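> This is the structure I have questions about; it appears just below.
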Amino acid sequence: MASSFENFCGGTFFDLNQTWYTNDPEFSECIQDSLLAWAPCGLLWVLLPFYTCYIRDSKLVPIAVNKLNTIKTLLSLFLVFVTLIDLFKGVSDLGTDPPPAHILLVTPAVLTVTFILTTILIQVDRVKGCVTSGPLFIFWFFLTVAGIPKFHYKVKHAVNDGRIDDEFRFVTFFIYYALVLLQLILSCKSDTTRRPEYDPMERPSPEIQASFLSYLTFWWLNKLILTGYKKTLESGDLWDMNPRDVTKNNAPYFLESWNKELEKTKRKNEKLESKLKHQKSRIVHVDVGFNKDSNETTPLLTGSGSKKKFTEPNEPEVVLPEDKKKTPSLFWVLTKCYGPTMMKAWMCKVIYDLQQFVGPTLQSLLIGYTEDPNEEIWKGYIYAAVFLVNGVVQSMFFHQLFHIGMTLGMRVKASIISAVYKKALTMTNEARKDSTVGEIVNLMSVDAQRLQDVIGYLWMFWSAPLQISLAVYLLWGVLGPSTLAGLAVMILLIPVNGVLGAYQRKLMVTQMKLKDARIKLMNEVLNGMKVLKLYAWELSFQDKVNVIREKELANLKKSAYLSAVGSFTWTCAPFLVTIATFTTYVIVSPEHTLDASKAFVSLSLFNILRFPINLLPMMISYIVMASVSIKRLGKFLRTGDLDRDNVQHNPRSPDPIAVEDGVFSWGQKDPIVLQNINLRISDGGLVAVVGQVGAGKSSLISALLGEMIKLKGRVNVRGSVAYVAQQAWIQNATVRDNILFGKEYNQIKYEKILDACALRADLDILPGGDQTEIGEKGINLSGGQKQRVSLARAVYNDADIYYLDDPLSAVDSHVGKHIFENVIGPKSMLKHKTRVLVTHGVHWLPFVDQVVVISDNQISEVGSYEELLSHNGAFAQFLKTYLTQEIQEEEDEEGSGGELSEADVESLIDSIDEEVSAVEEEFSEIKKRILQRVESIPDGGGATSGGVTSGDERASPTHKGRRRRRKSTRRSSVSSHHDEKTLIEKEAKKREENKLTEEEKSAVGQVDKRVYLEYLTALGLWMASGIFFFFALYQGASIFSNIWLSQWTEDPLLKNKSVPTNNSEKVFKINMYLGIYGASGVLQAITVLLYAFVTAFGMIKASRVMHAKMLSNILRSPMSFFDTTPLGRILNRFSRDIETIDNNLPALFRSWINTVFTVFSTIIVISYSTPIFLAVILPLGILYYFIQRFYIPTSRQLKRIESTTRSPIYTHFSETIAGSSTIRAYGVNDQFILEEERKVDHNLVFYFAQIASNRWLGFRLEFLGSLIVFSAAMFAVISKQSGISGGLVGLSISYALQITGSLNWAVRMTSDLETNIVSVERVKEYSETPTEDEWHREETAPSQQWPEAGKVVFEGYQTRYREGLDLVLRGIDANIVGGEKVGIVGRTGAGKSSLTLCLFRIIEAAGGAIFIDGVNIAHLGLHQLRSKLTILPQDPVLFSGSLRMNLDPFDVYSDEECWEALEHAHLKNYVSGLAAGLEHECGEGGQNLSVGQRQLVCLARTLLHKTKILILDEATAAVDLETDELIQQTIRAEFADCTILTIAHRLNTIMDNDRVMVLDTGKIAEFDTPNALLENKDSIFYGMAKDAGLT
């Protein structure tokens, strides 16, 4: 075979004496012309099918013909021409004697065909839009390298021989080689093209424009790194996402695969159920349970009647047991979607792993080289060069592994977030009960992030066993069967590993549950911060959060100690394996001598082994985290979606809204909420829906929207829908954007709608008009303004059908009248639209086409107003009963009684006419007709069940016995009263303050040293010192053990094989070396154990301190902080940043210490081994310094920006969840999904740049590491002449081989530590924000009985919202006597809200003082003040927890007192009917109770916390007329001797007060009795009363 090939070549193929055993090595001409020429060509042809598949599906724009691709093509054609000439030359020489060797024909032919292929590929790349070609670069590179030996051979022989044998081929070769070299150079540059994925104005990612070499070396990042070095990076310095990574290009495929998996699982379960059904001989009956949790539909003033779930009669049900059900596998879907890309990354890791073992092999050769004086000198340089080349190639594959894996993880995260977001938009109300907003945010912030992290490191799962297997195999070759001792140690550690992993998984599951609970509670605390401050409840909720946090920390401590044990085990494992192997090797046979080659090659292999062994605990941790997160995400994504069949959309339906035999529930197992619903609404009809609280009015709207589960019947809606929710949902955007809601701007239409919705005046006082940003949850708008913006949005939407859920309850009566006439009523803008209006206002009903009365969860009556009054039904009976109560109440106040007379009714109706619509004659006439209808109803005595709810205005303000009315709808907190503030901003003309929500701050430059000090202080200085001390001891013991090993291997006595093995001195020395080596290992074990436990304990302490400090500071922050800071941003600090401090920072801190000490140890050991190495430390150190100086500023700032761009994702998500019903109603799901994806992509731009910059750094540092290995090897070669020992060479190279990874990790860990310490910086920032005044002041504490009289005195009082703004109250002087009832009125921006907020010191004085019973409130602690005041706010805020906790979070009152308060609040019957009674769970935000019920709970809270001073907001807008009257009676009875201040928007609510305070531009304009003010025709109050139709 060899001889035949030599005949083919015409000479010798391979000769060791020519190639290896010589001082002047060279390859034979046969190898030069065959193997070295064919191998690159063969590689290109092997890569061709793969490249064809890759390029076939390319949809890029073709590249125009340009200089670069033209020159490349021409060069390939020239190469074809040159090789053809060679081929023709060979053919022409066939007739000569002797004929040329066949190889001179075959090789040119092979090259010619291959060069033709390259020409074609260059043009194909151009047509397909590929800017660079990997296969072509690889081909040109290897062809150039393969030509070097031939180039050297020809030049050497031409010079040495003085002549050229074959001048023709000599010339053609150099022409050929020059062309190949040019092709290689040109392949280093990429073509330029404009990608179709980008808009011409956008900035394409430099990655897609990078050449193959630039891609491998991350050269394309140089510009960004340089920019980051020169200046602080900003958002505009980065590029757009690579289309490969954009969410919209990834998420659909993932969701499609997930939906297929769901369908497949559903079919499997259906088959199993079918099989089970056939096996059953009887029908399986399922017991129907019911949920006792109350909700919007629970009757308000009655017990909790039980309702059974609706089921079809005689329908057999077969239920598959839960343990038999198949569940969709999220893991399988992820594998299917992303597995192929993962395999590309893993191929890089396989090559990297194989290359790792080249180092020890070269080390063995180098030690042998230094110990053999006869070895040729050039071999040492070759070994050193191969060390360098191997290191560089290794680094390329390693960083491609990470780049592909990390970017894939990024895409997985984006797809998961998109899927979670879409699920949150479509999930059922039943599913939402199991997933709070906090929990879902955790899925997006923590679980998706963990999945991303795991994807990047998943190769550990198979790579660690592969590396261990290869290392053991090579160790066997060095040490033989002694390797089994080390292998046994590793096997014995596996069960320990298993136990640790299992226990860690349990702890991780518990940890996530506790984290969810804490974030859920924090979410509620932040949402209810106003209530906490008004009631002085901060400490109670701080304790509640801390209780959960302590449980979390206790669990974390267990996990940390477990990690400490794992760290100890796996840090000691490599040494245990080493000493076990060496001891066995030395003891098992007297002939075994541990020489330098065996010892240090084994040590290098053990060091390689150390990495996968150390990875095992990390791998287990990652797998545990991934499995927990996949399980949680899978569970959430499996939750049910709203059934699209709940509402059909048949365009041929005669009626726009039709419901037939409808039965509805909030959940499959929940009680029926609506039943026997039959309703048809004609085109253009205006239908009013009325009924008591809890009757099901809002539920009917929800059923029409498809929000409820339809158990039976049919619902059809024809046409588009607009929806105005009862509690207005406002986006954190400008007023205009809220109204347009994604529609195009039409100025004429827009202006008309502003006027119709009475928004013009509001926009005039906003600083930026309709461009003013509305804060989170509409924070800077009043309740009425929010409702009108919501209404304007609906009108602008120009839908066919309008669902209006009580939109008029939050607005003033005259505004309500304006809106009804211009927007809702029969002559309004929407007169041709179909409208369904839920209302509490009786006075609107005469104007509607149809009234739907809901009673006892079903429609009791339907008809026009007159039809319902024409017979004695529930509706008419209610009106009579209510009117009777009105007159009797007034007669009681006048000291008379008697039956309801006609005159009384006339008087009452007259008052209604005056109050509601004194302007319109038509309205009055209709009211008179209503009176006649009511009078015609016989006194049949009927209950008011199913009665309609009340209107906003009722009795005449001029009636002698005026009654108390409902309170205003204006909110009572600084967070909802920015009318004064916005007025000031307008006056100051500060356009920059139009943006209420401040951008999240991102620190710039180097992390402040105080941040590190903060963390070390939290850690404890002694603790921090102990950590460094114990690790330094460990590292010192490790260095000593290796130096001791080098001494051992170089001991002359032990190396002398002539000395008998049983020589006593030799035995003593072996035992001594072995004993001291083992002792150093024990010392390492002890110190590393102490280090691990001290670190674990210290890190937990730091987490506790930092969380507690931030929580305490946040709770003490003023309300202005929460007005201008999105809650999602604060929540991000408590979730993601605390997660970083809890888990990431400790791991990074340990890794940083490890790598930094390893780098210093390596430098010390190499310098000790070869002192000449010190000569290169300075230049390498300078290079290292510059690399990290360039990298760290960029990485640090990218991390900061990435953190700040993450918060808007969660803020937008929380906002979306709150408005999901509105979003679904308008059918703008896709619009919001795109917005969320845009925010995710914006965040990922910075994350991608961050991970790419890590790769940039890694490659350069590993190149630096390869230079260090090269230097160590070169100095070993140079030092050969000076007699360097093999032991020192082995020691030096062993440590040098570690430096590549250690240097990389040292800077990476330094950078990661700095970028993650940003979380400490962010937590520190919120731990030091300005706070309110002290909560308690012992020196000025008032008596327990204070205030005894309730006297309030204002003396020249002034205040402003924030420093630098103008005054909102400008010298208030007022004296309110104890027990006085004072109404506070004024036009928008007058300062009403500010006056009451000053009493609670929500905003502080800028001048003057407030005295309560003679005590200056500025001298009191905030809790001492606020606990002595009581407020009943408009928005009823409850917290998840028991009813009792919501009434009395401090457990101050007894159960009897709580029941008494509930009785007075008319809730006792309802609560006593609940199974849990006072311990009934209210759900997140009180979701298990209706809005009315929540308001009554707030009333009970007020009664329980009764004080001498009561501030009333309009708190009864959400309750019906009956309940309103009960609340008014309770307040009159229980607070008769108290001072009551009422903020009033509706003047009729304060007409019976003792005095009325009229505010105007922050001053008291008038302060007198209502009658006195009305008698003065020039008074402001008279003008306001006249505008409201009260005079």
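Cβ atoms are placed via backbone N, Cα and C, with glycine included.
According to TrEMBL, the coiled coil annotation covers 255-282. According to TrEMBL, the feature compositional bias 'Polar residues' maps to 296-305. For 939-949, the entry in TrEMBL reads compositional bias 'Gly residues'. Residues annotated as compositional bias 'Basic residues' in TrEMBL: 957-970. Look at TrEMBL and you will find 976-1000 tagged as compositional bias 'Basic and acidic residues'. The region 'Disordered' feature in TrEMBL is assigned to 295-318, 937-1000. The transmembrane segment annotation in TrEMBL covers 74-91, 103-122, 129-148, 168-186, 454-476, 482-503, 561-588, 608-628, 1074-1100, 1147-1166, 1172-1192, 1257-1278 (among others).
Describe the structural context of these features.
For the coiled coil (255-282), same-chain residues at least 6 beyond its ends with a Cβ under 8 Å from one of its own Cβ atoms are 318-320, 324-330, 332-333, 336-337, 415, 418-419, 422, 637-638.
Same-chain residues lying 6 or more positions outside the transmembrane segment (168-186) and placing a CB less than 8 Å from one of its CB atoms are 68, 71-72, 75-76, 78-79, 82-83, 85-86, 89, 104, 118, 137, 140-141, 143-144, 147, 150-151, 154, 158.
Listed as Cβ neighbours of the transmembrane segment (482-503) (distance under 8 Å, sequence separation of 6 or more from its ends, same chain) are residues 468, 472, 475-476, 562, 565-566, 569-570, 573, 576-578, 580-585, 588, 592, 606, 613, 616-617, 620, 623-624.
Same-chain residues lying 6 or more positions outside the transmembrane segment (561-588) and placing a CB less than 8 Å from one of its CB atoms are 475, 479-490, 493, 496-497, 500, 503-504, 507, 594, 598-599, 602-603, 606-607, 609-610, 613-614, 616-617, 621, 1034, 1038, 1041, 1070, 1074, 1077-1078, 1081, 1084-1085, 1088-1089, 1092-1093, 1095-1096, 1150.
Below 8 angstroms of C-beta separation, residues 553, 556-557, 560-561, 563-565, 567-568, 571-572, 575-576, 579, 582-583, 586, 1019-1020, 1023-1024, 1026-1027, 1030-1031, 1033-1034, 1037-1038, 1040-1041, 1044-1045, 1048, 1145-1146, 1149-1150 of the same chain, each at least six residues beyond the ends of the transmembrane segment (1074-1100), sit close to that stretch.
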> By Cβ distance under 8 Å, which residues at least 6 away from the ends of the transmembrane segment (1172-1192) in the same chain are close to it?
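For the transmembrane segment (1172-1192), the nonlocal Cβ contacts are 225-226, 228-229, 1163, 1166, 1253, 1256-1257, 1260-1261, 1264, 1267-1268, 1271-1272, 1275, 1278-1279, 1292, 1303, 1307, 1310-1311, 1314.
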> Any idea what the model's mean pLDDT is for the coiled coil (255-282)?
80
> Is the count of Cβ pairs under 8 Å between the transmembrane segment (129-148) and the transmembrane segment (454-476), pairs 6 or more apart in sequence, 3 or more?
no
